[in-house]
Amino acid sequence: MAAGKLLLYAGLSLSLCALGMLAVAICSDHWYETDARRYRERCRSFSSRRKDPGFIYIPNNSLPLRASRSRLDRWEEKLLLARNRRQLFAMSAADECSKRYNSTNMGLWSKCHRLGFDQEIEDLIRNGSIARCSYIKYHYSSATIPKDLSYNITKTIRQDEWHSLHLRRMTAGFMGMAVAIILFGWIIGMLGCCWDRGLMQYVAGLLFLMGGTFCIISLCTCVAGINFELSRYPRYIYGLPDDISHGYGWSMFCAWGGLGLSLIAGFFCTLAPSVQPIPRSTCPKSRQENGTVC
C-alpha cells in the first residue's frame, strides 16, 4: 500500500514539475540562438582594407613562398573548391558582408536581438529605431519573398515558405496539446488520489504518457524546422556564414526535461494501481444453495 502511494505521489509531483518546465519553455525565447560577433569582426576587417585604384589585396596564406609542391597542389585544390562554391552560391566575402546578420535568440512566438552582443543594435533599440523582438508569423505572407529573383527560384521559395509554416504550426500546436493533456492528467490523478480510485490513477498515467508523446512530436518538428531553414535554397539568402555560431538554447533543453519528467510520471502512475493490494470486503458473498440465496 505504501509503495503504491509513494509511486502515485512521485508521479503527480513529477508531472507538476514537467508542466512548469514546459510552461517556461513555451513562454521563453531561447529555443535557438545565433552569435554573429566573429562575423561582424571579419566584416569590419574586410571593410577596413585598402581600396586604392590598382591595389590588389592578397592574404599572407595565399603566398606560400616556402611550401613544398604537394602543399601547393593541395592549396590550389582548396582555392578551386572555394571559388566554385562562391560561383555556385554567390557567397563571396563581399556578398556575405553586404548582408547584415545579427545575434538573435528565437522562441515559439518571437525572435529577439540578444542583449549585449552588438552595441550598434543596442543603441538603435535604446533610441526606439528598432524593436528588440519581432513576432513570428503563423500565417503565410508573401512580403518576405525577395522580388528581384527568377520565376523558378521564387516558386521554390514560396513552396519552402509553406513547408516551414506547417512545421512551425505543428511545433506550437503539439506543444500546446501536450501541456493541456498533462494538466488534465494531473487533475484526474489528484481526484483519483483523493477518492482512492485506481482506475483514475491509471488513466492519469496514460494521459502523462500521451502528453510526452505529443511533446516528442513537437520537439522533433522544431528540430526539423530549424534544419530546413538552414538548408533552404538559395543558400546566399537563407544560409549562414561559417563564422556565425548557432545552436539550441536553454528553452529547448527545458522542454526536453519536461518531456522526460512527463514520461517518468506516466510510468509511475500506471504502475501505482498494480502495486496497491485489492481491497477485500468484510461482508461474505451470498451463495445460492438448493434454489435459495443465503
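All positions are counted from 1 along the displayed chain.
For all residues, glycine too, the Cβ spot is worked out from N, Cα and C.
Taken straight from Swiss-Prot:
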type	residues	note
SIGNAL	1-23	signal peptide
TRANSMEM	172-192	transmembrane segment
TRANSMEM	206-226	transmembrane segment
TRANSMEM	252-272	transmembrane segment
Taking a Cβ cut-off under 8 Å, which residues six or more beyond the ends of the transmembrane segment (252-272) line up next to it in the same chain?
4-5, 7-8, 10-15, 17-22, 24-26, 28, 30-32, 175, 178, 182, 185, 189, 198, 201-202, 204-212, 215-216, 218-219, 222
What else in the chain is close to the transmembrane segment (206-226), if you only count residues 6 or more beyond its ends and a Cβ gap under 8 Å?
11, 15, 18, 22, 31-32, 164, 167-168, 170-175, 177-179, 181-182, 184-185, 188, 252, 255-256, 258-259, 262-263, 265-267, 269-270
